[in-house]
Amino acid sequence: MLYHENFDVIVVGGGHAGTEAALASARTGQKTLLLTHNIDTLGQMSCNPAIGGIGKGHLVKEVDAMGGLMAEAIDHAGIQFRTLNASKGPAVRATRAQADRALYKAYVRNALENAPNLTLFQQSVDDLIVDQDRVVGVVTQMGLKFQAKAVVLTVGTFLGGKIHIGMESSSGGRAGDPPSIALADRLRELPFRVDRLKTGTPPRIDARSVDFSVLEAQHGDNPTPVFSFMGKREHQPRQIPCFITHTNEKTHDVIRNNLDRSPMYAGVIEGIGPRYCPSIEDKVMRFADKNSHQIFIEPEGLTTHELYPNGISTSLPFDVQVQIVRSMKGFENAHIVRPGYAIEYDFFDPRDLKQTYETKFISGLFFAGQINGTTGYEEAAAQGLMAGLNASLHSQGKEGWSPRRDQAYMGVLIDDLSTMGTKEPYRMFTSRAEYRLLLREDNADLRLTEKARELGLIDDARWARFNEKIENMETERQRLKSTWMNPNSAGIDELNKLLKTPMAREASGEDLLRRPEISYSDLTQLDAFAPALEDQQASEQVEIQVKYDGYIKRQQEEIEKSLRHEHTKLPADLDYKDVKGLSNEVVAKLTEAKPESIGIASRISGITPAAISILLVHLKKHGLLKKGEEE
C-alpha cells in the first residue's frame, strides 16, 4: 500500500541522530518524515544520563552553532553542569551536564511535534525501495510504502540487535524494544561491508537503598555553564549533586570468580566493545594491578529514585551483578531496579560513505550514528545533523557540504570515519584534532554559524544575536587597541599591583591583556579601561583572541600550508617501494589503500607527517608537483 503523499526526506529512527537529522532537513524547508518504532521513545537516553565531556562537549556546541537541538535540550534538562579542564587552556575545556532523562526526552519530543515541515509516524521500517542504485523510499512493518528523494538511516543498536545477560541472550534493540531484523537482512544484501560491535550498560539502582552518608558528594559549578549560544541559566532546572564510590578487592574477586559466566569472556559475544567505556569485568582483567576503580553515581532525574552507576557496565548474570553492586561502599543493601546488559548490533564500514554521509553505492541513502561504528549521543547528534542537512541538499539537487578537519570536530569525525574506518566503537576526543586551538567550544558559533545561515539552518533571532556579538567583539577590541596607559597615568598604582614588574613604558589595553597575569576582568576594573562589556560571550572571545593571538596565527599558517597539499594528486601507478625513506609498514598501507591525494594519504591510520614529507619530496624530485605545491 502506497502512502497518500510523498516526502523530500525520510529519516528512520528517533534517537539522537534521527532527531537532529529530521530537524535539520525540516529547518531547510524540505518536507520531512520521521519514522520510529515508538513515538514515546523519541530523544530517549538509552545509556548514561549525561551530555558533553572532553571532545563531546565540543560536538554539542558545534551542533548548536549549526542550529541543532541537543544543547538547547540539555540546557532545559540539565541537573548538574560542570566545566571540565577548567584550569587548562581554552582548547581542551569542555562542558558536561547530568540530565533529567524525562525532562530531556519531553523537550526533544515537543520540539519535533512542533517543527514546521516535519511529520511523525510510528512504524518500524523493514525494507528500502531501491531503483537502479538510487533509493526512492521505504517499506514499513505493515507494508506501507513511503516515497522520498532521500532516506537517512539512524537505527542505533537496533540492526540485528542481541541482548546478553550472563549466558542468556535475546533479540532486542535495547531493553524493552524489539530489534530490526528484516531491515538488517535487507542491508546485508546490499554491497556494504558489515560487521558487529558491542556496547553495554550498568544495572540501575534504587537511591532509597543507598547509604549516601559514606559517599563523596560531587557538586556542579556555580555559576553553572550554559551549553547553547541562545541558552540562559534561568532555563536550567534545580541542580543536585552526583556521588562517588569505588570498587574494591571484594568486587574484583566476585568478577574474577565468575568470568566463566561472562558472555564476553566465554566467546558468546563476537562484537568489539568501546575501548574508552569498557565493562567492569574488562577493567578488572585489563588493569589487574589496580585495587579499585572510581564509580560515579549519577541521578537519573529530579522525580525518580533511579541511579546510574557510571563505571560498572556489565553483561554478567543478575546474581553476580547483585554481588558486585553490594560489594561497594554505601551499596551494601542496594536494590537493583534494572539489570545491566550488553548488546551486539550490526554496523557498516564508514569507509563506504562519502564525506556527506551519503553511501557510495546507493544514491540518496545516508547513514548516521551507531550504524557508522560510533558511540555516544554527541557523536550521533553531529552525524545526524550533517546527514539530515545533506539529505535535504540532495533532495533539492544541490551539492552536499561537510566541514573540513580544520573547521570543526564534525569535520574530524566524518574524515576519520570515511578515510580510516573503525574496528571498535569510535568516540571523539580533543586529541583527534590537529588544530584544536582553533576548534574550541567557545568559538563554535564563529566557525560555523555563518555557513549554517547560508544553508538555511539558522533562524532570524539567532542570526541577529550572532551579529550583535560580532559587533560587540570588534568594537571592544578596537577600544582596547586605542586606549593607552603610561607610567605617569592616573591609576598606574592599581595597574602595577597586577603586574609582575612595574610598567616601564606606554602600553595599550590590548598590550596589557596579552600579559598572562592580567585578565579581562582585571583590566576593565581599572578606570582607564572601564567599563567591561555586558556581553559575556563577546568579552570571553576578546580575551582569548588577544591572549592566544600568536598561537592562533601560527596554527592558521599551518592550516594554509597543509591545504596546499590537500588535493595534490598521487599517481595511480605510483610504486611506493620506490619511494626512498618510507618504512615497510607505510609502504604496505599506502599500497593497500591507493589514496588519490596527499590529503587522503595523510589521514590513513599509521601514516605519519614524516611519511607525507617523504612523499612530497619524491613527487617534487620526479616533477609530479604542480606550480604552487612545491613549497
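Every residue, even glycine, has its Cβ placed from backbone N, Cα and C.
Of the residues VAL92, VAL125, VAL254, VAL284, Swiss-Prot puts just one in the FAD site with GLY13, GLY14, GLY15, HIS16, ALA17, GLY18, SER180, GLN370: VAL125. The record assigns GLY13, GLY14, GLY15, HIS16, ALA17, GLY18, VAL125, SER180, GLN370 to the FAD binding site, and the maximum Cα to Cα distance across that set is 18 Å. Listed binding-site residues: ALA17, VAL125, MET285; maximum Cβ neighbour count within 10 Å falls on ALA17. Classification of VAL125 (FAD binding site) by DSSP places it within a strand. For GLN370 (FAD binding site), the nearest of the binding-site residues ARG275, LYS283, MET285 in terms of C-alpha separation is ARG275.
Long-range Cβ proximity for CYS277 (NAD(+) binding site), meaning a same-chain Cβ under 8 A and a gap of 6 or more residues, is found for THR199, SER313, THR375, PRO425, ARG427.
Sequence-distant contacts (6 or more apart, same chain, Cβ under 8 Å) of SER279 (NAD(+) binding site) comprise GLY200, MET264, GLY273, SER313, THR314, SER315, ALA342.
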